Amino acid sequence: MMIMVKETFFFYDVETSGLDPKTMRIMQFAGQRTDLNLRPIGQSVNWLVRLSDDILPDPEAVLLTGITPQQTRQEGFSEADFCKMLYQQVLTPGTIVTGFNNLRFDDNFLRYTLYRNLYDPYEWSWSENRSRWDLLDAIRLTRAVRPDGINWPLDDEGLPTNRLEALARTNGLDHASAHDAMSDVAALIGLARLLKDKQPKLFDYLLNMRHKKRVAELVNPQQPQPFVYASGRYDASWLKTTIAYPIAAGTNPSGVLVWDLRQNPEDYLKLTESQISKMFDWQDAKAQLDGPPVPIKELCLNRCPAVAPVGVLDPTSRERLGLDLTKVESNLRALRHNRALLTNFAKAFAGRPARVSESDVDGQLYDGFLDDADRRLLPLARQADPDELSAIGTKFKDRRMTQLLLRYKARNFENRLNDDERAAWEAYRAQRLKADLPAFGQKLQALAAQPSDDRQRFLIEELKLWAESILPAA
């Protein structure tokens, strides 16, 4: 008999030691479960996660959050315990894991944390009827097509902004302290309630569009049709929203290349293949700035894109977005008439330069999936006595897991390292910290030279003490 799993939201936010999930770490995780009507269920969670002694945090991140490495060491959980609690208390069956820009930031930190701590880095987001949702793009589309009932902020230059703290402020939502994870969660839930209250049909529609199959019904290169699309890649002047058109499968298995129908295909007909290729060369920033707007992007069906049928655009919305349907239809006809141009763009996108492969195992999450045999070993390794980890390491086929086991043991069970393991760990720490120290020192020096208050001076001093305490003896 099939058991129905009750769905709930879990709204969450993280504060981190820096921006790069490959090299930086979660320092605070906070969240609150609610039912589908956004009523709280149980107590909130607010955890600090211990920073390991191979990490020099980005000083700017620490000054932003006020969380010091020393505080995490005194009050926080190890990453291994954090991951265990994450599965026990947060990632229960039927959970809709929800954040604000979480698909691009917070979720990546979760993936890398789980990877380093011997978990499958992906199944948390889909198995046992779990799913993800990101309110940022939902807010963007709401502002574009159904803005009534919500106060929409502008930045200092008078441009539309969808920053969480600005939305909270203009709508009178509880947000005591930006860049405190628990405060951000309270603001996030308040924003979700506001959206559900003022635009309930759009809220439910976008929530349902978190499922890949639902998105694929609308965005299908085999049966292409124009659709409304809100994305951070589009111009803020037009509320990050356009009418797009699917032109080809993307390079990602769940990707679809889409054309921005604000752009006239005939403006690109004279470009050579080389010029088109340069538009997608992330290493050639000058070519991207000097050239025409890049008219295509890859939409990922499994990343909760904010998409809707063109029929949602009433005359007021079209005027708000600067969309002239006559021009859009003309651009669409030109696009369908110039299939060779689309082929050239698709080839150029597929052939764009690959990102440089990570040399360090901590950053090699995307170097491939584990095979089934290695995945079955992961829970055995997590449950094993720390003294047994080296023996388990010989059973993994994937060299990444063998290398990660020593770091996992050192970061979570340092007092259980044997002499050889300790020597290897200290050699790695010395190499890592020596490489990171110059940039850390330069940032710290620059911040110390700026006008500051007691809080900033305290945090800078704490960062100096942290570096001194973890740097290996010369």
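The count begins at 1 with the first shown residue.
Heads up, the Cβ atoms here are built off N, Cα and C, so glycines get one too.
Whatever TrEMBL says is automated annotation, not expert-curated.
Taken verbatim from TrEMBL:
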- ASP13: Mg(2+) 1 binding site (BINDING)
- GLU15, ASP184: Mg(2+) 2 binding site (BINDING)
- GLU15, ARG163: substrate binding site (BINDING)
- 200-353: domain 'ExoI SH3-like' (DOMAIN)
- 357-471: domain 'ExoI C-terminal' (DOMAIN)
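According to DSSP, the secondary structure content of the domain 'ExoI C-terminal' (357-471) in residues is 90 helix, 0 strand, 25 coil. On the backbone, the CA of the residue listed as 'Mg(2+) 1 binding site' and the CA of ASP184 (Mg(2+) 2 binding site) stand 7 Å apart. Mapped onto three states, the DSSP output places ASP184 (Mg(2+) 2 binding site) in helix. On the backbone, the CA of ARG163 (substrate binding site) and the CA of GLU15 (Mg(2+) 2 binding site) stand 16 Å apart. Counted within 10 Å of its Cβ, the other Cβ atoms near ARG163 (substrate binding site) come to 14, all protein chains included. Residues within less than 8 Å, Cβ to Cβ, of ASP184 (Mg(2+) 2 binding site) and separated from it by at least 6 positions along the same chain comprise ASP13, ALA30, PHE100, LEU164, HIS175, ALA178.
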